[in-house]
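Peer 1: The region 'Disordered' annotation in Swiss-Prot covers 1-121, 148-182, 324-366, 672-749. Feature annotation from Swiss-Prot assigns compositional bias 'Low complexity' to 17-28. Here Swiss-Prot flags 69-78, 111-120, 331-355 as compositional bias 'Acidic residues'. The ATP binding site feature in Swiss-Prot is assigned to ALA254, PRO255, THR256, GLY257, SER258, GLY259, LYS260, THR261; the stated evidence is sequence analysis. Annotated compositional bias 'Polar residues' per Swiss-Prot: 728-737, in sequence order.
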Amino acid sequence: MDAFKLLTRSTNLKTGRAAATSAAQTSRLPSTGKAANPQLFHNSEADRLLEEKKKHGQKRKRGHGADDAGSEDEDAADLDFFSSAKRASTGGAVAGKRHQEQASADKDGDSGSEDGSEMDEVQRRTVLNAHKIKVTDLRDLDQIQSTNAQTLQTEEPKKKKKKKAKAQQEEPKTLTKKEQKKARRLFPQPLVSFKELRTKYKISRRLAENIAEQGFTVPTEVQLGTLPLQLGDSSVQQASKPGETVEPDLLVVAPTGSGKTLSFLIPVINKIVRHHHEQPDERGIFAVVVAPTKELASQIVNEGRKLVQGTGVKITLMKKGMQVVERDGDGDSDEKDVLDEDSADSGSDSEDDEQTTDKKTKGKAPVTKSDILVTTPLLLVNALSANRTKPLAALPLVRNIVLDEADVLLDPLFREQTLDIWRSCTHPELRASLWSATMGSNVEDLAKSTIQERKDLSGTTKSYPLIRLVVGLKDSAIPNIQHKLVYAATEQGKLLGLRQLLHPTARTATDVHLRPPFLIFTQTIPRAVALHSELLYDIPPEAGGSSRIAVLHSELSDSQRSEIMKGFRKGEIWILVTTDLLARGVDFRGINGVVNYDIPNSAAVYVHRVGRTGRAGREGGVAVTYYTKEDIPYVKSIANIIDVSEKLRGAGGEKSVQKWLLDSLPDLSKKDKKELKKHGVKARQSNLKSIKDNKEFRQAKISTKSGYERRMENKKKGAIAASRNRKSQPQAPSTGADSGDDSWSGLED
């Protein structure tokens, strides 16, 4: 028995370890579970308005003509836990009756209207501003003003209509910049809860059940704003003809982990379900979702399959060799090749003929029977162009194209492939939606020009609104995580700091505390492999040893990448070293932190990297960024993002980036920013390997070995290589001394 515990059991004394344990238990981490409220921005006034709207809708639906007092009495009966058995049974009967009435109302088609509970413009403005949602019409001002004039003409009496129309024709007003911004602003009806999708927007019953089964109750900011727009919100129908429901083209900029995938999947699935009911004979690919990486595309398919269960909609991941269109010339060319082979081999028997027909049938894959196709750009372009050997085939049935991580897809790396896919979708009513956490003005301009180009080519006069929705501040990191910018001076200092994260020695107020699982990002694939081999034995065998750490990059095969992702999601892998392959879109909900071992190539990459933690409003995530002496010219953009994120959070306390540091860091020119985005920090570029005596490359090497040890290893490797070369060289021809004539010819004169 511990005497100290016995004597101090009535006191509040705690040992250092116990205090540290209790502090760790009270701190909330992303891995402990989902947040009660997934929203990042909200205040009491907006919550009150949403709660009033929700209660009003519930009373209208539940009452069916009954007064509100009766419903309140029923609620009180349900919540009276200390009543008698008779009263409790009565309350249970009333509750059962109410549930039956609600179920019958749902069965009748959810006829309970929500029109009476709609917010006016002032309330909508209050809610949207509180959640930091800004909705803007990006069309030309002439189109916006003409549409608003048409709306006013239908709403006003006939006498006033003629006078105002004449006045508008006679005196065209030139708007100031402030008035132009005001004219472009829209205030759509916000989504109160996911139940409204069924009661108000009439989505498929089975789709609504699948959403409820996934546990979605409170919509996030991006869902609160975009779902009504895509499902036909009447409050913004001034952007189209009066009385007509029009789905707009969308540009959405929302923080990482805010539920963008669900926001574009629900309207697309519901639209296809309706199309199946209206035209059951027409089948094909009705929607294309484009993502930059295979991991993100696979994740979208997994989320989509949960939503399409029982709806009759099929979602498919694009793979190499899949046929998405049927070409007329393919079958003829195949038959011609087979005939040529038969004529060349005229003496073959019947077995050879059977093998030829089998090869013919097996060689051509069947056309994919899918409603939603999720793909990376190159795979679909190769499928549409037969590996660039034929003109690009058309996808005439596609009515929705979704670009997830649109700023990357419209970057020079993927731009031509993405635009080829966009142009191949030839349906006149094609709607495009672009989604990302970071989107520059160049992406917006490219999207507007592409939409206008499609309109000019098709010759349609019908105009669709182009709406931009921004949540929070553009190009800013999520405010619910803690950012740390750590100066490590050298590569060895970064490695030492990373090992201190893995094995903390002491707890102080300034220390960074990071618990697994977490991600480590590097600049290049060789650096990721080197860091993985360096940390391979840092985890003790009692905790799983080297099996707890893995490396993931694009040079691995698809099966290896999927196995590593599966192990990380299941919790078998605690630390994952990777490149920017996993920086975008991939949803790991339980990640406690992110370590930027190498600084990101741009501010946008930093936003996406640190967005792997703090998903769906989870608190407690940590983002640690190490920088060395070589990184000082490139750090200011990251420091600015951290400063803006902390201001957005509004919480007091010590700042991660002090003002003196922001003032002292140098600014980066546009040319240097472009070079950094394209190649990264010069000292860590992989092409420096070819320069053997490069001092920068030696200093940037990830290793704890001394220079003497590395020199001895290189000497040993060189000796082994020289020995192999000597053995592989052919032996020299024998000379006259070794000719084999053993007879002695005497002494020469």
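Every residue gets a Cβ built from N, Cα and C, even glycine.
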Peer 1: If you count CB neighbours within 10 Å, which one among the binding-site residues PRO255, GLY257, GLY259 has the smallest count?
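Peer 2: The binding-site residues PRO255, GLY257, GLY259 were compared, and GLY259 has the fewest Cβ atoms within 10 Å.
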Peer 1: Translate the DSSP assignment of LYS260 (ATP binding site) into the three-state scheme.
Peer 2: helix
Peer 1: Suppose the ATP site is ALA254, PRO255, THR256, GLY257, SER258, GLY259, LYS260, THR261. Which further residues of the same chain have a Cβ inside 8 angstroms of that site's Cβ centroid?
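Peer 2: Output for this site, in sequence order: THR220, VAL222, ALA437.
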Peer 1: What count of other C-beta atoms do you get within 10 angstroms of the C-beta of LYS260 (ATP binding site), across all chains shown?
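Peer 2: Result for LYS260 (ATP binding site): 26 neighbouring Cβ atoms inside 10 Å.
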Peer 1: Name the residues of the same chain, 6+ apart in sequence, whose Cβ is under 8 Å from the Cβ of THR261 (ATP binding site)?
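Peer 2: Listed in sequence order: GLN299, ILE300, GLU303, ASP404, ASP587.
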Peer 1: Across all the protein chains here, work out how many other Cβ atoms are within 10 Å of the Cβ of SER258 (ATP binding site).
Peer 2: 25
Peer 1: If you count Cβ atoms within 10 Å of the Cβ of ALA254 (ATP binding site), leaving out that atom itself, what do you get?
Peer 2: 25
Peer 1: Over all shown protein chains, what is the count of other CB atoms within 10 A of the CB belonging to THR256 (ATP binding site)?
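Peer 2: Around THR256 (ATP binding site), other Cβ atoms within 10 Å: 23.
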